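Q: My questions will all concern the structure given below.
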């Protein structure tokens, strides 16, 4: 961990430049512990994704690493595998600390760490707001080797000296851009001050705004910079359409028409506000569509139940705000509908990346009013992609779009 303020102006905002291009194209060639390798294959990975091929080895070697890659590219497994390789299962106490912007994402990361580390005899605890502080303290006193959490609760636990950092080897910031844009900057800076100087820092971010670059220059030592380019990842395998909707009020009927023509495995519908999520849920329920809804106003326990039902497939359609775009990995999501276009272009990839994770096929449909056209063009330009108009037949009905996952 470094503390210097070298000129930020040298780094163009938005994208880092890679300074590392070595690729390891199989997990076998990474020299992982046998019990970790077994966990990687048991989890269902066959070969490393673009980010895994580039980032796992420099992290294992102990370099500070900045990795810029979008959601759905295998980032979570990248740092989970690296952290598990470096841990000593015989030592109790936090050796890898992972920060995430939302509770859902923290829990998702915990599941991945536990699953990949299944044969290693390690403990991983999720330290998140909205849960009982006493239970958190009790779990941390047992000395789990990996702790993943949201910035507020993690900072609190370190300050109470319940989360000890004496054995800490690695500090990982996932979705750094989102954490900083959610106002966690102060907590993150405080956490850095509380960590041993020797801690290795790994930062992952889809975008590189100025506030993220400041963190990298202040707290990282000669970091290895890895950029998985937008073209390499983004929206391959995801068909993108838009439906021109003349007025906001017509979106609901458009959605009902879609429901009748589209065969869906599972779908997520994104709205920009919590109120809109509740409103749309009520309207669709009144029309006899089965949907569930999720947003940040809900109690944690309620959110957990909804996610569980959605993951198991007992609920097929989930209406959500962007909160969800960062913490959900449901294998079967084949359709994403942007009832509202996202307020910023970075969130577009997080939303529709749900619909084609790890190279699976998916479809994204955007409802676009006259006011949204400019934003849609910006999104197309930013991701070098094309969003085509949804095909209609002569009767003005939507053509059947095949959203199967074969």
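Any Cβ shown, glycine's included, is placed from N, Cα and C.
Quick paste of what Swiss-Prot says about this protein:
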{"type": "BINDING", "residues": "69, 70, 71, 72, 73, 74, 75, 76", "note": "ATP binding site"}
{"type": "DOMAIN", "residues": "56-226", "note": "domain 'Helicase ATP-binding'"}
{"type": "DOMAIN", "residues": "237-398", "note": "domain 'Helicase C-terminal'"}
{"type": "MOTIF", "residues": "25-53", "note": "motif 'Q motif'"}
{"type": "MOTIF", "residues": "174-177", "note": "motif 'DEAD box'"}
Q: What same-chain residues lie close to the motif 'Q motif' (25-53): Cβ under 8 Å, and 6 or more beyond its ends?
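A: Residues 60, 67, 69, 73-75, 77-78, 81, 84-85, 112, 115-120, 226, 228, 232-233, 358.
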Q: Around the Cβ of residue 75 (ATP binding site), how many other Cβ atoms lie within 10 Å? Please give the count over every shown protein chain.
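A: That number is 24.
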Q: In terms of DSSP three-state secondary structure, what is the assignment for residue 69 (ATP binding site)?
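A: The residue in question, residue 69 (ATP binding site), is coil (DSSP, three-state).
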Q: So what's the average pLDDT for the domain 'Helicase ATP-binding' (56-226)?
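A: Looking only at the domain 'Helicase ATP-binding' (56-226), pLDDT averages out to 93.
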Q: Using a 10 Å cut-off, grab the number of neighbouring Cβ atoms around the Cβ of residue 76 (ATP binding site), all chains included.
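A: The answer is 22 other Cβ atoms.
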Q: By the DSSP assignment reduced to helix, strand and coil, which category contains residue 74 (ATP binding site)?
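A: Where residue 74 (ATP binding site) sits, the three-state DSSP reduction gives coil.
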Q: Find, for the listed binding-site residues 70, 73, the residue with the lowest Cβ contact count at a 10 Å cut-off, counting only other Cβ atoms.
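A: Minimum Cβ neighbour count within 10 Å, taken over the binding-site residues 70, 73, occurs at 70.
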Q: Determine the most Cβ-crowded residue among the binding-site residues 69, 74, using a 10 Å radius around each Cβ and all protein chains in the structure.
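A: Compared across 69, 74, the most Cβ atoms within 10 Å surround 69.
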